[in-house]
């Protein structure tokens, strides 16, 4: 509406004071007459009702339309809608169609477009609400992830889940949605991969896939990263349907590596409980994770890996990732221990040394 008011202001006639100041030197006082000075441009000329004398009337009609669009004529309603939509001068006004048989269909079509405007606005609002819902899961989904298998945190009555996280359909009202929208199909934004090969999903399925990606036993906190490419990579790795599914052979391999890591820590704890060994208790999954990273890197052409790590878990990594001989690791706990006869260093062992075999 800004350009409408600007055009009307330009077309408004000069005031008496401005006219006197401009023409008093060259014209006698008795011949003073004031005429409208109009400077129509080509677009504005297509809307002849936009003149200086009608600016006040147009502004009153616009104020009335803002309060109630039905209080003005349908032609004004269409004009103001097009103006607010950004239509340039000369294209916002649509002249009424002649009342003939051929124009009845066009009139009905225009009427349906005007009546469908609220539905379009509602559809846009619903899609924006779904996008906000998806972003809420990505930002704060780790707060409701199932990271407490023992249920210790359930005893804390003061703990609360953030209000903008949707963990059930009862909280859809936070985003202006309700249960009637669960079966509606919404287009997915480009910032999510939960659709896979599909570009649109029902809201019920969107919520289910988001909960599977962010509210299970892995908490993903990554939206603080400023690099869009890195965020998209993480989204793809966690949101793509079926990406967390493993074959039976892969499951057996992961289980074997996890058991080997756990049993190694149990053996050291039982044999040398008083020794400082920087155990890996509670983080044994590091071993299958490192092994998987190395395997995938080798498949992609990596020739060698250089590792650096703190003390915690170094013995387990040496034994189960780098595959250092267990005899050499155990002998470091006691100077009296030597490797078994199969080890090359046994031939040079001192007489009476204790033997250790893995």
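Any Cβ shown, glycine's included, is placed from N, Cα and C.
As annotated by TrEMBL, domain '2-oxoglutarate dehydrogenase E1 component N-terminal' applies to 48-86.
The domain 'Dehydrogenase E1 component' feature in TrEMBL is assigned to 257-337.
Taking DSSP states H, G and I as helix and E and B as strand, the domain '2-oxoglutarate dehydrogenase E1 component N-terminal' (48-86) has 27 helix, 0 strand, 12 coil.
On the 0 to 100 pLDDT scale, the model's mean across the domain 'Dehydrogenase E1 component' (257-337) is 86.
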